[in-house]
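Trainee: Supplied in structure tokens, the structure appears directly below.
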Amino acid sequence: MKYIIGVLLVLFASYADIFLFRIGIIPVQPSSFLIPLFFVLCLVRYSILDLWDLFKSHSFKIFAAILLFAIVYSAVSPVGSETIITKISLDVITLLLYLFSVQFFRSEKRWLVFLVMFFAFLTLAGSVFYDFIIGLPRQSSKLADAVRKGGFGENPNQAASGIKFLALGVLVFLYKYKTKKYLFIAAMVISVFLTFSRSGIISVVLILIFGTANNWNTKFTITTPILFKSLFKMAFLFIGLYLGLVLFAGVIKDNFPAFTRGSAGKRIDLLLGKGDSGLISEDVGASNGRGDLLLRYINRFKDNPLGYGTSYTSERRYNGLNTHNYYLFLAVNYGFLALILYLVYIWYGYKLSLRADQFYYLIFLTLLVFEGFVSHSIYYERALLVSLAFFDSLIYKRNIQAQTEIS
């Protein structure tokens with residue numbers, strides 16, 4: 001049974017279940033079959049009593065709080081009941097999927113946990129490579145015409161987000177093995193680069209900076225001498241990384257002419273030093289650019305800091321596009337109190353990483369903070385949610401071990 005649960009987690013984290021449904025291999029939607037199957041199997045394998053301490057975990061509390069906000073604010077929301085029910089259902093699925101995933105990661109053997117994280121990364125990253133070189137079957141003309149490829153993630157930014165979070169989880173197991181570690185890092189960098197996601201590339205740079213600064217150790221080992229040595233390593237690393245990406249970008253332009261047009265072409269030209277526009281030129285002044293959305297929703301929040309109601313930002317009658325920012329998503333829909341609670345959640349996470357001596361948890365939280373500025377649906381992205389469950393299991397597994405030693 002544990003192997004079936006592990007396979008389902010791989011499908012969820014890599015978005016392969018959605019792809020298999022779209023091409024007709026799985027006849028029903030994942031939310032109607034695979035996800036309920038996952039919940040049932042977990043209920044059979046794990047006792048409710050085993051989950052008791054997870055009800056007190058900081059992530060469970062924030063998910064429960066967001067669900068409560070969604071229910072309460074549905075009373076004042078101007079959007080239709082169907083949209084509200086969908087939103088609340090997603091919040092319930094998110095909470096349960098997180099809960100059972102944490103229990104799997106902290107209960108099963110280390111080798112099985114590694115295989116789940118590794119194959120989830122391999123499936124998602126492999127789908128991006130396949131999509132880039134050959135092309136996956138498309139169920140919409142929009143996806144078929146898109147130059148940037150997202151593999152099973154469909155959206156390139158979502159694919160890049162999933163790859164980086166899953167890769168960070170795999171690095172927890174590979175940090176002692178120098179050759180395997182750097183080969184895996186190279187695979188991560190290339191996979192994210194193929195999506196041409198700016199946020200993905202920035203996140204990869206953050207992983208490299210933090211990892212190098214701490215000598216890729218899972219525990220906090222940063223001292224002044226180590227940091228000084230790491231600066232030289234970082235310099236060589238990023239020079240090599242930039243030269244490698246420039247060479248790779250040149251190969252892409254020469255062998256894949258389609259990538260010379262659109263946003264992909266602009267980003268390659270920018271990397272090669274041939275671009276005639278800035279890094280954020282497409283984000284402002286275009287009505288629906290990220291910068292324009294940021295200013296628009298900040299003004300909405302200032303006009304009503306108590307919140308507009310559940311799913312207000314996703315309603316096309318009031319907004320052309322959603323916030324593309326999780327902090328504004330909480331603030332505009334649920335008011336300033338929800339935003340404050342989430343910021344407290346992030347702060348407490350950093351505190352836990354220091355208390356448990358889990359450096360990779362700190363890296364994960366830093367990526368999570370950054371992700372909140374570029375996506376409004378971060379916890380609906382299952383690669384991130386499964387990764388959060390994995391990193392939380394490192395914290396709460398330690399708590400169980402500590403309690404066992406005391407008793």
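Cβ from N, Cα, C; glycine included.
From TrEMBL, here are the annotated features:
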DOMAIN    184-343  domain 'O-antigen ligase-related'
TRANSMEM  32-48  transmembrane segment
TRANSMEM  60-76  transmembrane segment
TRANSMEM  88-105  transmembrane segment
TRANSMEM  112-136  transmembrane segment
TRANSMEM  156-175  transmembrane segment
TRANSMEM  182-211  transmembrane segment
TRANSMEM  231-252  transmembrane segment
TRANSMEM  326-347  transmembrane segment
TRANSMEM  359-380  transmembrane segment
Trainee: Any chance the transmembrane segment (182-211) and the transmembrane segment (359-380) have 3 or more Cβ pairs under 8 A, given the pairs are 6 or more apart in sequence?
Mentor: yes
Trainee: For the transmembrane segment (60-76) and the transmembrane segment (231-252), check the count of CB pairs under 8 Å (sequence separation 6 or more) and say whether it reaches 3 or more.
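Mentor: By the criterion, they do not touch.
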Trainee: Residue list, the transmembrane segment (112-136) vs rest of chain: Cβ under 8 Å, 6 or more residues beyond ends.
Mentor: 2-3, 6, 9-10, 13-16, 19, 104-105, 149-153, 159, 162-163, 166-167, 169-170, 173, 187-188, 191, 194-195, 256, 383, 386-387, 390, 393
Trainee: What residues elsewhere in the chain lie close to the transmembrane segment (326-347), defined as a C-beta under 8 angstroms and at least 6 residues from its ends?
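Mentor: Long-range Cβ neighbours of the transmembrane segment (326-347): 58-59, 61-62, 65-66, 69-70, 73, 294, 297-298, 300-301, 305-313, 365, 368-369, 371-373, 375-378.
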Trainee: The transmembrane segment (359-380): which same-chain residues, six or more beyond its ends, come within Cβ distance under 8 Å?
Mentor: 63, 90, 94, 157-158, 161, 164-165, 168, 171-172, 199, 202-203, 206-207, 210-211, 214, 217-221, 290, 313, 322-329, 346, 349-350, 352-353, 387-388, 391, 394-395
